[in-house]
Amino acid sequence: MGRKLDPANKVKRGPGRKARKQKGAEAELAKFLDGFTDENSEWLKPVKRKRPVEDIGEDSDSQWEQDEEEEEDGGLGQEIGDPEMEEEDDDEDEMVDDYGLLPIERAARKQKKLQDAMQDERDEEQEEGGSDHVDEEDTVQANIDEVGTFTFPKDEKHEKEGILPLDLKSIYQRIKGNVEVLSDFNNRREEGKDRADYLSLLKEDLCTYYSYNTFLIEKLLEIFPLSELIDFLEANEIQRPITIRTNTLKTRRRDLAQALINRGVNLDPLGKWSKVGLVIFDSPVPIGATPEYLAGHYMLQGASSLLPVMALSPQEGESILDMSAAPGGKTTYMAQLMKNTGLIVANDASAERLKSVVGNIHRLGVTNTIICNYDGRQFPKVMGGFDRVLLDAPCSGTGVISKDPAVKTSKEEIDIKRCAHLQKELILSAIDSLNAESPTGGYLVYCTCSIMVEENEWVLDYALKKRNVKLVPTGLDFGKEGFTRFKHHRFHPSLRLSRRFYPHSHNVDGFFVAKLKKFSNTVPPTTVDENP
């Protein structure tokens, strides 16, 4: 069953198969090198290895141990402390340590060792260059001080900006510095430079940084102070929050909010000024495709478009004209305030846009509305005698740039004049459609999504001269007063009753709202110039 080993007769064994193979290889190498005459052949001589098995006896224990020590110390002629041999030993140790690891684990271990080595090098560099680091900090601080003080760019450098790639960060710093200088011009201006030079540079930088055309920037500079202009331009780069209007014909705001919250929608009430609005911050489902939306429980509608209907304040049983109704948000809001009583005539000059009005009226359950397709300028010839009229006039859209960035570069002076001319015609037709003898009404609300004076105060001042109307309070608790003077023009003092809304001040789209009361159906015979 196998040979039994007697511990008492234990005999020292010689080298095994591996050692014998090594010996054979050395013998072959010696034959190959026999007669090799190169003067550098010393190092090629085979290393003295262990003695043959037949020479090993009982008295060879000490020699065997000595050979083993030689192998451990250097092997193959290498001396102790040789760096090349130490690196080979380290590699062998790593291979042994990494044995059994996955490739990604070995790569992670190697990456960690490399990061440690790099960190050690950085620590050494920091210790050696401590004084240099202090100098760098001083240089950075000096650069910050230079940025804080605005200096007018040299002509050569300014010309190169049109050729070299734009550095928007430096342009923004220059805008801020320029505005600070203009706010305290007498004390901060540079010698030899007047206000026109600074304004010219500011216009150019604003056009470059915010991507507006020169005409629109010049118009905005006329409307806003410099500090407020930057806030307005920045607000136009940010989308307004998504808002919805509860359809009280079918549900209550509390129930709608709870239903949407159950679907994971993050929302809040719009504000104290609105009892039907909700602000949507986040939604895991499309807000325009929920079962509640399809059932007509709410309407996707901007917060600013709620304001004209609130100012008009339609009453139950009245006859209302919405002269420019598409897409139907204001029309359906008036219907729910009237609780589907009375009559609403929803008109729009575009038959294509009226399709959305039809769809929204059916979805929201509105039953007191008639839809028609007429040019608003000719509407008094069709029908009149309305208690209230809402005119959301077509405009340049300079208040909704965040929704339509193309306005930045697509509008010119001719576009503003064309819109203003159309608005003057429409407001006269809207006034003529009113019944001044209405016991509950006789009111017109004029609104635009533009902030241009030519499309707002200028149009109203023209209407005040052409028809027997007067401005009355809008009933809105917030918003800025309309202009009574603009550049060299002077408008009617009652225009301060109108309201302006800005994205940077009220977080709504730019909007203008004014409310007029018609006190006589007769048309004044006098003819005045359209320009104030």
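Every residue gets a Cβ built from N, Cα and C, even glycine.
Over in TrEMBL, the protein carries these features:
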type	residues	note
REGION	1-140	region 'Disordered'
COMPBIAS	10-22	compositional bias 'Basic residues'
COMPBIAS	55-74	compositional bias 'Acidic residues'
COMPBIAS	81-97	compositional bias 'Acidic residues'
COMPBIAS	121-139	compositional bias 'Acidic residues'
DOMAIN	232-519	domain 'SAM-dependent MTase RsmB/NOP-type'
BINDING	S324, A325, A326, P327, G328, G329, K330, D348, D375, D392	S-adenosyl-L-methionine binding site
ACT_SITE	C449	active site, nucleophile
Rounded to a whole angstrom, what is the largest C-alpha distance between any two of the residues S324, A325, A326, P327, G328, G329, K330, D348, D375, D392 that the record assigns to S-adenosyl-L-methionine?
-> 20
What's the CA to CA span in angstrom from K330 (S-adenosyl-L-methionine binding site) over to the residue listed as 'active site, nucleophile'?
-> 14
Fewest other C-beta atoms within 10 angstroms, as judged across S324, C449, which are the recorded positions | S324
Can you tell me how far the Cα of G328 (S-adenosyl-L-methionine binding site) sits from the Cα of C449 (active site, nucleophile), in Å?
-> 16
Tell me which residues of the chain lie with their Cβ under 8 angstroms from that of D375 (S-adenosyl-L-methionine binding site), as long as they are six or more apart in sequence?
-> A349
In the predicted model, what is the mean pLDDT computed over the domain 'SAM-dependent MTase RsmB/NOP-type' (232-519)?
-> 94
